[in-house]
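Record features (TrEMBL):
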type	residues	note
DOMAIN	33-307	domain 'Deacetylase sirtuin-type'
ACT_SITE	His158	active site, proton acceptor
BINDING	Cys166, Cys169, Cys207, Cys212	Zn(2+) binding site
Amino acid sequence: MCLFQVTARRLVSQAHCGLKASSSKKQKFCLEMARPSSNMADFREVFAKAKHIAIITGAGVSAESGVPTFRGAGGFWRKWQAQELATPGAFARNPSRVWEFYHYRREVMLSKHPNPAHIAIAECEKRLSKQGRSVVVITQNIDELHRKAGTKHLLEIHGSLFKTRCTSCGNVAANYKSPICPALAGKGAPDPDTEDAAIPVEDLPQCEEDGCNGLLRPHVVWFGEALDPGVLTAVEKELDICDLCLVVGTSSVVYPAAMFAPQVSARGVPVAEFNMEPTPATNRFRFHFPGPCGTTLPPALARHETEIIS
């Protein structure tokens, strides 16, 4: 599966429309055929037959739990947007400031809970597993709300707020301490007038591996960094075997994740998008359900009348 295949399919589709463009009625018919369906009954029939379901989730799912996205005009922490802090360069220049930012995000997340969309996904996975069917969640989110909801088969392509990686020995470890270190207690306030804490490096989170004491960093993928090749390989395997794909709460503009669902659609697998509004990829999918994911997703993933519950 590759970008060429996706592009080729689109070009063939466009050429087909062009061949039918001899009259405005035929052109209109072709354009209408390209529009995704919002018929829930049709989606439910596809869902009932699917054996391997891949669910790709983005920030829109977490936003309904009150999680700040740090995107758009109001997406600032103090004077900075996330892309100014979530970089290797920013951490090298000012690890204290970057840790304040992530400490704030960790503390916020400890007060947040999964919403109906997270819960619907986790309950669907649990129910279908008893029927010999599989559900995998491929998330761009780093908040672990899917894990909190009970999702087991989870691929976090951008890492997790609650994991750290040592900059010296490379050890990755789960870390749910609050605060993550004493020096960050009470720090990280997002207000624009807040002064940097300027915490010395030796007082920032340190590796607990024997004899290391290296500086820890959040185990998340920063701007300018490559995704974990092992995670990407696992994602590719899941997308290759899925027979239904859901895209939930994602803008479909962050690469490479933006190409996951279009690649699946290019090989003829039904893709259903659940999002507040259309995205650049919407017209490549078979279904589109507008509205809050916490409202649209639970009925979509509820038990189908044909399911046999033992």
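Each Cβ is built from the backbone N, Cα and C atoms, and glycine gets one as well.
Recorded features from TrEMBL, shown on the structure.
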residue	record	CB count, 10 Å
His158	active site, proton acceptor	20
Cys166	Zn(2+) binding site	21
Cys169	Zn(2+) binding site	13
Cys207	Zn(2+) binding site	20
Cys212	Zn(2+) binding site	15
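Across the structure, Cys166 (Zn(2+) binding site) and the residue listed as 'active site, proton acceptor' are spaced 17 Å apart at their Cα atoms. What surrounds the Zn(2+) site, by Cβ distance within 8 Å of the Cβ centroid and not counting Cys166, Cys169, Cys207, Cys212, is the set Thr167, Ser168, Gly170, Asn171, Gln206, Glu208, Glu209, Asn213, Gly214, Leu216 from the same chain. A gap of 26 Å separates the Cα atoms of Cys212 (Zn(2+) binding site) and His158 (active site, proton acceptor). The CA atom of His158 (active site, proton acceptor) is located 21 Å away from the CA atom of Cys207 (Zn(2+) binding site).
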